[in-house]
Amino acid sequence: MSRPLSFGHWPKGDFEGSVFDKFADMGSLFRSAEMTLCQLFLQSEAAYACVSELGELGLVQFRDLNPDVNAFQRKFVNEVRRCDEMERKLRYLEKEIKKDGIPMLDTGENPEAPQPREMIDLEATFEKLENELREVNQNAEALKRNFLELTELKQILRKTQVFFDEHEGGVNPTESMTRALISDDSIARQSTLGPVQLGFPEKQYDPEEYFPCFVAGVILRERIPAFERMLWRACRGNVFLRQAEIETPLEDPSSGDQVYKSVFIIFFQGDQLKTRVKKICEGFRATLYPCPEAPADRREMAMGVMTRIEDLNTVLGQTQDHRHRVLVAAAKNIKNWFVKVRKIKAIYHTLNLFNLDVTQKCLIAECWVPVLDLENIQLALRRGTERSGSSVPPILNRMDTLEDPPTYNHTNKFTCGFQTLIDSYGIAAYREMNPAPYTIITFPFLFAVMFGDLGHGFLMALFGAWMVLKEKPLAAKKSDNEIWNIFFGGRYIILLMGLFSMYTGIIYNDVFAKSLNIFGSSWYIRNTSIHLQNGDYTLDPKVTRNYEGYPYPIGMDPVWQLASNKIIFQNSFKMKISIILGIIHMLFGVTMSLFNHMYFKNKLSIIGEFIPQVIFLVFLFFYMVLLMFIKWFVYFANIEDKDFQVGTRCAPSILITFINMVLNKNTPFDKKCGSANMFDGQLGLQKFLFVCAVICIPWMLITKPIVIQRNRKKTAQFAVNHQQMQSATENGDAEQPMHNNTAQPPAMGGGGHGMEEEPMGEIWIHQGIHTIEYVLGSVSHTASYLRLWALSLAHSQLSEVLWNMVLSKGLKVEGWAGGVVLYATFAFWAALTVSILVLMEGLSAFLHTLRLHWVEFQSKFYIGTGYGFEPFSFEIILDSASQSKEEV
Amino acid sequence: MGATIIPFIIFTVLWGGVGIGLPFFVPKGPNRGIIQVILMLTGVCCWLFWLCCYVAQMNPLIGPKLDENTVLIMAKQWAHPIKTE
């Protein structure tokens, strides 16, 4: 058994887990920790340091003492705002760092919250960094814009050159034009080419006239068609547009995107057209550039542009270097800064919950603290005071309160998964019995009863063990994949579920739907010539040549896996075991309620609820369990006449027996058996048990309300008597009315303690509901445990089907082809095994187990109306902050 | 009544040891109580589960129904050759 693995891990983790564990009596997972309300007086100058220490400790839950004051009118709004501003700057920095893909150093160190005076330094640092970065960015943008312009100009000069060259070459303009157009552009543009070509030859210009005026510029490529059409229409075909694509994409300096642009050149005549063309260019956001006409000028300009581009490149490189240096320096510290700023912010938020006393020298806080940790808290406060250099020590006063304290369960990494399962149903009421410690075993066990298969359990345990062993590196990765986080959070649950499934798999003798014959089956065929009936042969338990006389030592006999009546046999076993486990589980739950009643000194509930509940459950249902065992022990297949009454034919059905017991009917039986009884005096005993169980119902129903009613009458009488006596003695005293007033509240307060505030009618109704729920619940919950059988049956059948339909097909192919087929079928079988049998069936069994715990088990004792303890803790705050950041 | 005492003793001692014996040796510490509960419940659950399975097969009322091939293979593989009368 791999049991050591399951336990080998966690005690160690525990001891290193929390320093404070050793102070606390940590058996206390059984009940939530004892809490007390405290009042805390802090000197103004020491408050910050003290709260910071408490935040590191994480054991104090502060209450808001000014709920009426809105967030903007509190004392430390300013500081909180400054922190917000710092956080914003840090986020900006982080964004820039991420943009450049610089790794952020996460040393995992946890700097203390800085002193308030350090806040100014931090602010200055961030301010400086932000400004520097913004300036660099601005410069870079300006440079890039400049660079873009120059590149565009360069492209214009280059592209238009082709055109001018052709013109100066003195070729027939139309022809050259056509050639140029065809050569430099694709067929796609021929549709837009049409009108240009068509329009152009109609006008017969002299070469001199033809070249009068032009503008050149650059435009986004996707705007070209619209631009062309617009020009054509607005100028009535009197302009000539030529364009060429710039192959390389250019960077848009403002957005940083890569955009494709085209160079164009427009020829026209006259000033009127010129203004029109310019307006259209403006409208289409084309950038126009001066382009000299003379070739020499153009060449000169091109040279100038080239040199300027080179210069710009150097400057740009330097700017980028500078930006990189700044960001790398910032990346080293940014995590650290985030932690610091968040801590400061959390502290001021907390300080905002405090009250100022009259003299303004002192802050007053109220907080819930675990009683056992009071010493730690005192120590932390002392450290805080020393650090702040204040001379007056803080004062921590325990206060009395009638309020319900929060529920605080010390968990460690092993138990917290199980505690989460319980808490998602409802957080325990203060100091109530916590089901979590028992769930640690009963949960994986009941799961395993449904999931019993050595092979599937092994896969699951392997996965769980891997997560447990690689815990630290996996946890450090902080994945934001929700499904993975759920699996990882429940790693110990998965491990235990896997291990228990392996055990139940051994007992069911199921390994991927096959059985192991380790100890040698108790059933065999020997010393016989066999008589087949329709090709089948049934082994006879009566004869020693078929059955050895004692069962297979561990779990199911392997022969059943081969038998065609396997399901009949296994159903009988699995149904019985479901009921047995279920009733024991429920009895366990009822016993828990006894501990609750004892702890809360609720004698009335023990007498009026617990005892009748136990009697009801034991006398009816546990009796049924006993009958099952009797049947297993007493009845056996035999050939001798004297044993006929305990033979196969006389074995009664437990279910029918039980139903007839409740209905008070006689069970029909075979004459040869003599009676339907399993033991002497069974009928009498059953009648007695049934009557007792029935009596329990009114007992549960009326005891409690009647006793409460009587007690109330008594106290009322007492109060009246007391008052009469008082008024008799102090008759005529002027102070009497006042006295009465003061006497009243305590009586009310005492009354508020129990249920006496509730009117009697409600108590009756509650008790009625409670009784009906319990009585009907016992029946329906018992039946509900049959899901253990149903799911286990479904699981084993499904895996058997998968074996027969997939893998065995591959195993049956002969020759070399068999290897190929097997390869494919095994892959298919393995994939289905993991995805359906382990994952989906596992999930369904998990949910059913959860239900069995929440409803069938916890309804017996668990109230779950408490509220959780939410301590002020930097760890929690930082965790949630980094998580929410990743979500964004 | 067909049972042998050996598996019963072995399993009772094994799970009894886990459920009753081991809890005494849990080292003192904050989690002693939890570990004890875990061990006890493990012992009880596993023992009960084994016991039910064992007891359920102790006095079989029906026998397995096998087809011809299975019978022959079983007789051969589990080393109880069929003698023809």
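Cβ coordinates come from backbone N, Cα and C, glycine included.
Since this is a predicted model, take the numbers as computed values, not measurements.
Copied over from TrEMBL, here are the features:
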COILED    A:76-160  coiled coil
TRANSMEM  A:440-469  transmembrane segment
TRANSMEM  A:489-508  transmembrane segment
TRANSMEM  A:577-598  transmembrane segment
TRANSMEM  A:610-634  transmembrane segment
TRANSMEM  A:683-702  transmembrane segment
TRANSMEM  A:815-840  transmembrane segment
Interface check, the transmembrane segment (A:577-598) with the transmembrane segment (A:815-840), three or more C-beta pairs under 8 A:
no
Average pLDDT across the coiled coil (A:76-160), rounded to a whole number:
86
Same-chain Cβ contacts of the transmembrane segment (A:489-508) under 8 Å, 6 or more residues past its ends?
1-3, 5-6, 10, 413-414, 417-418, 420-421, 440-441, 443-445, 447-449, 451-465, 467-468, 471, 554-556, 792, 796, 842, 846
Other than its close neighbours in sequence, what residues sit by the transmembrane segment (A:815-840), given a CB gap under 8 Å and a spacing of at least six beyond its ends?
453, 455-456, 459-460, 512, 795, 798-799, 802-803, 806-807, 809
